[in-house]
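**Q** This is the structure I want to talk about, given as structure tokens.
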Amino acid sequence: MQSTYSREQYISLCKDIEEDDYRYYVLHNPTISDYDYDMKMRQLLSIEAQHPEWKVLWSPSMRLGDRTSGSFPIVAHAHPMLSIANAYTLEELYEFFSRIEKTLGYTPKYTLEIKIDGIAVAIRYEQRVLVQALSRGNGRKGEDITANIRTIRSLPLRLSKEAPEFLEVRGEVFFSRATFCQINAAQRQAEKPEFANPRNAAGGTLKLLSAKEAAQRNLEISIYGSLAEENKRSHYENLLLCKEWGFPVFGQPRQCQTIEKVVASLHEIEVARAQLPMEIDGVVIKVDDIEDQKVLGMTAKHYRWALAYKYAPERAETILEDIIVQVGRTGVLTPVAKLRPVVLSGSRVSRASLYNEDEIERKDIRIGDTVYVEKGGEIIPQVVGVCLEKRPEGTQPWVMPEYCPVCHQKVTRESDKVSVRCTNSLCSAGVIEKIRFFCGRDALDIDHLGEKVVTKLFDLGCIHRRCDIFQITEEDLRQVPGFKDKSIRNVLKSIEKAKSVPLDRFITALGIPYVGIGGANALAQHFLSLESVMAASLDDLKAIEGIGDKVAESIVAYFHQPEHLEEIQKMLSLGVHILPCHRASSSCLGKAFVITGTLEKLTRSEAETYIRNCGGKVGSSVSKNTDYLVVGQDPGSKLKRAQELGVPILSEDELLKLLY
């Protein structure tokens, strides 16, 4: 069909929608209705479908995400993209000021910017059109995430004539608190793992292979720096320039003439922190004068002219209404706090972790208390303390029940006197948790078999134990509410795929008490086959580094229970094929690793798995026995400790080279 539009009209329509996007997403002052906007966008897509040769790189349709990629190419940064050192106390902050004054010979002006808890990116414009976006990576090279960055509505795809022709901006990609809550609600609805925090969600979204899927999540960005010949000498003035060029700059950057003003501003921002629409974990303090920045220079990893002052985790005060006891897959009873709902870090919190009975006793937590709740990097908040001044009269110390809250059989207390366990192998709570864990991401990784679906199949009588997973039929799945043909096909396909499982994952999936991912990997590396693991004696097991008496006894006891042996044999008869382990022979064999900071290419869990698969060990703290510290973005105190001990430090890229 012949188009009734000219190319000039097409370009004019692009400009109109571009202006609408700027008013809506940057100025938050729309001038047309959502309906009118949608009609314009439909018109644009129709024209581009008829005339694909007209489509420009800055077309608003580029934000819809039309690329699916199998990878993210690694590209060198034109300018190093280093991280910023952290300070957690005023003492560390004054040490930073002292170093600056000692080098410069005077007290400079400082610019303060809120430290949004997101993902740093570099975005390049040529002829004022967005042509490339890279992740931070190792600071020297990053991944090309251009397609996903284009989906950010507040980011201009084309700059006005007032902006430089060639420009690179640095920014933080993030989710607002409200959007993050919506994303996790969608994850729960789909029975997928929730994101621990907005930063993880943003990082995961930028790594989505489908830009169309990324576009649906509504990422945002705040620009914190620019590289252009037209830049002024003041960093603060350059941020104002970025705003004039159409970039979003959140948080009203401040210019401070004195150190006293800097410190006062830090306190003011902390007070206002909870009211911000996005998560922040501190304030970035930068020497304002660009020439001073050049004098101060940089280390291999950090700029010497900037510091991130980190705030303590956000805390909320609320009432502990009850303590609920949950039963896990190994039968361990875990107390969970039921709270009077309170808003914390932008989300509504009604439950919090209490860990165990000893922790409750140590903190003297009682039902009816006013408690303090914090949410760090975890999904579930924690009760960190009690306001004793507000304790009501008549409260009683809490004690663990003597009977399982699900099957009502008497519980047993472990020799460590911390763990209380329901030993009834038929307890429905424990059975459902075992099946759910068996299907989970760290085990067989069977898609769409989350807690709700597993519970429904159990209640329907379709499954009674783990081996029944491999006998699930199409008729069984049709009884699950919401399951249609496509979902059913996907589940059955995923179950079939899970029948071929590496030895370490199968051992993990069994859920042997005290045997986690690391222990399962150690067993697989040592014995190479399931038969050898099952036949191992106590002495055989104790000879493996990292397997102590308690773990060895648990493994032997597990494989001496007839019902466990029978279930494993049933799985094998149903076509489960356990892939033998090939002993690692890399330079990682036997080496002890510790990881600090946020990795760009791998999740923490993936990095730990790769290290273990190559025969290495992963620890949680740095000591003289640590062979390597792997450092990601925003490393913690472990880096300082490693430097003091002379522990070799690896970047993420160096780790990958060592592994492969």
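Backbone N, Cα and C define each Cβ position, glycine as well.
Okay, so Swiss-Prot annotates it like this:
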- LYS115: active site, N6-AMP-lysine intermediate (ACT_SITE)
- ASP34, TYR35, ASP36, TYR37, ASP38, SER83, ILE84, GLU113, ARG136, GLU172, LYS286, LYS310: NAD(+) binding site (BINDING)
- CYS404, CYS407, CYS422, CYS427: Zn(2+) binding site (BINDING)
- 583-660: domain 'BRCT' (DOMAIN)
**Q** Quick check for the class: what is the C-alpha distance, in angstrom and rounded, between CYS404 (Zn(2+) binding site) and ASP38 (NAD(+) binding site)?
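**A** A Cα-Cα distance of 56 Å.
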**Q** Please report the number of other Cβ atoms within 10 Å of the Cβ of ASP36 (NAD(+) binding site).
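**A** Within a 10 Å radius of the Cβ of ASP36 (NAD(+) binding site) lie 12 other Cβ atoms.
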**Q** Rounded to a whole angstrom, what is the C-alpha distance between LYS286 (NAD(+) binding site) and CYS427 (Zn(2+) binding site)?
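**A** Cα-Cα, rounded: 58 Å.
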**Q** CYS407 (Zn(2+) binding site): which of the recorded positions ASP38, ILE84, LYS115, ARG136 is the nearest Cα neighbour?
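**A** Sorting the recorded positions by distance from CYS407 (Zn(2+) binding site), the top entry is LYS115.
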**Q** When you average the Cβ positions of CYS404, CYS407, CYS422, CYS427 for the Zn(2+) site, which other residues in that chain have a Cβ within 8 Å of that mean position?
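**A** Result: VAL327, GLY331, PRO405, VAL406, HIS408, GLN409, VAL411, ASN424, ALA429, GLY430.
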**Q** Nearest by CA distance to the residue listed as 'active site, N6-AMP-lysine intermediate': which of the binding-site residues is it, out of ILE84, CYS422, CYS427?
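**A** For the residue listed as 'active site, N6-AMP-lysine intermediate', the spatially nearest of the binding-site residues is ILE84.
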**Q** Summarise the domain 'BRCT' (583-660) as counts of helix, strand and coil residues per DSSP.
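**A** Helix/strand/coil tally for the domain 'BRCT' (583-660): 27 helix, 16 strand, 35 coil.
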**Q** Long-range neighbours only, meaning 6 or more apart in sequence with Cβ under 8 Å: which ones does CYS427 (Zn(2+) binding site) have?
**A** VAL327, GLY331, CYS404, VAL406, CYS407, GLN409
**Q** If you average per-residue pLDDT over the domain 'BRCT' (583-660), what number do you get?
**A** 82
**Q** Express the distance between the Cα positions of ILE84 (NAD(+) binding site) and CYS422 (Zn(2+) binding site) as a whole number of Å.
**A** 49
**Q** Measure from the CA atom of CYS422 (Zn(2+) binding site) to the CA atom of ARG136 (NAD(+) binding site) and give the result in Å, rounded to a whole number.
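**A** Each residue's Cα considered, ARG136 (NAD(+) binding site) and CYS422 (Zn(2+) binding site) end up 48 Å apart.
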**Q** Looking only at C-alpha atoms, tell me how far ASP38 (NAD(+) binding site) is from CYS422 (Zn(2+) binding site), rounded to the nearest Å.
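**A** On Cα coordinates alone, these residues lie 57 Å apart.
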**Q** Could you measure between CYS422 (Zn(2+) binding site) and ASP36 (NAD(+) binding site) for me? Cα positions, answer in whole angstrom.
**A** 61
